[in-house]
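K.L.:
What TrEMBL lists as transmembrane segment is 12-33, 89-113, 119-138, 147-166, 172-194, 215-238, 250-271, 322-347, 359-379, 385-406, 418-436, 442-466 (among others).
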């Protein structure tokens, strides 16, 4: 079990490095891109990506999550793993082909899509790259070192290409191609690297039917998630204009970056919790789940408060004054960090390994219905802010349904979260943040550096004094590493 803990820690470090890169690279690229492409250009790309997301959703058919669980359960048997991977990939190949054919028909039949045919075609290349990537296999095998280094390489390449090729407002198609390369270009390397993990032998019989029911359940879940996380941009594009989409996209981009940080542990734990359930290791499963919720809570609440307080300054730094209408939608949508983080633990890390995907599906379908209704009511009058309200309430509904379904199990895990200690630390750190924002006269970057630096220091320091579990364990680990290094040098 000790080796398992080390493995989880290593995987978490790798995934945190990957997540940090997902946070840092947009800080490098977004200030440049938002100013070059302006709200309209950014809005065009956001709208195109929102359309492609629907076809990608059908092409992937819930496999990104199901594939992790299915492969993690048989990863100790290479022959069975190889057969499982081939069966899942066959399903994926068929659905991708169907999805792309439907996309081509829509592209030439829907006037709104025909306006940007080239952009749509460029963005659609991600469908085929996702097919050959089989990222779910690498996550099931916990190849986080490979995933991290490969992703970092493509992000660096994308940044270089962006500064070399994107020079004016009309270069939005070029930038769309660069983002496809950054986000899915690694699929080629994944495909070439497959022979190290599975055998390419032909099996006499494939049991594809055994995957269909769970895959369809996960597909239904992805449909619901896509609706309430993506439909707002699509509806804004149809009901308002590209500029309004551009405003909303800035708020969404910041939220997505932070959500990736909050849910970074979840990506590591899904194969591990699935493995625990398969091996009947219930004690380890519940212990890891409780730690995951504590981690998410300790991270999401301060991030939410910090970015609400400094929302205007963040928007000005990342995008410029042209995007000031993005401030209100950003403030409205920030609390979803807490809701998504908690539902990720309760839903994906607990309910899915327990085989209760139907509950997750029900929660997400309910959230999707709420989101569609609220978007239809609020977007025509309130635009981006209305879409943000719809998303916030939808995420609240999703979490509420999952808590109600888990009942006593959820309460046991939730009670272990040291919310009082976290609340005190966040309050004190936020008081400091507001004081710096309103009383220190600095330019944007120094102001954000000083304010967030102090915010993190105060928050972490108070949690250390209060002996909050997550921060105390991190501090203990760092202290141990330092002592080992000093001792080694001596």
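Including glycine, each Cβ sits where the backbone N, Cα and C put it.
Note that the coordinates shown come from a computational prediction; the quantities given were computed from them, not determined experimentally.
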K.L.:
Honestly, do the transmembrane segment (359-379) and the transmembrane segment (119-138) touch, with at least three Cβ pairs under 8 Å and pairs 6 or more apart in sequence?
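P.N.:
Since fewer than 3 Cβ pairs under 8 Å link them, the transmembrane segment (359-379) and the transmembrane segment (119-138) do not come into contact.
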K.L.:
Out of 119-138, 215-238, 322-347, 442-466, which stretch touches the transmembrane segment (385-406) the most, going by CB pairs under 8 Å?
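P.N.:
Looking at each of 119-138, 215-238, 322-347, 442-466 in turn, the most contacts to the transmembrane segment (385-406) are made by 322-347.
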K.L.:
Checking distant contacts: for the transmembrane segment (119-138), what same-chain residues at least six beyond its ends satisfy Cβ-Cβ under 8 A?
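P.N.:
Long-range Cβ neighbours of the transmembrane segment (119-138): 44-45, 48-49, 51-52, 55-56, 59-60, 63-68, 71, 85, 88-89, 92-93, 96, 99-100, 103, 107, 113, 146-147, 172-173, 176-177, 180, 183-188, 190-191, 194, 197-198.
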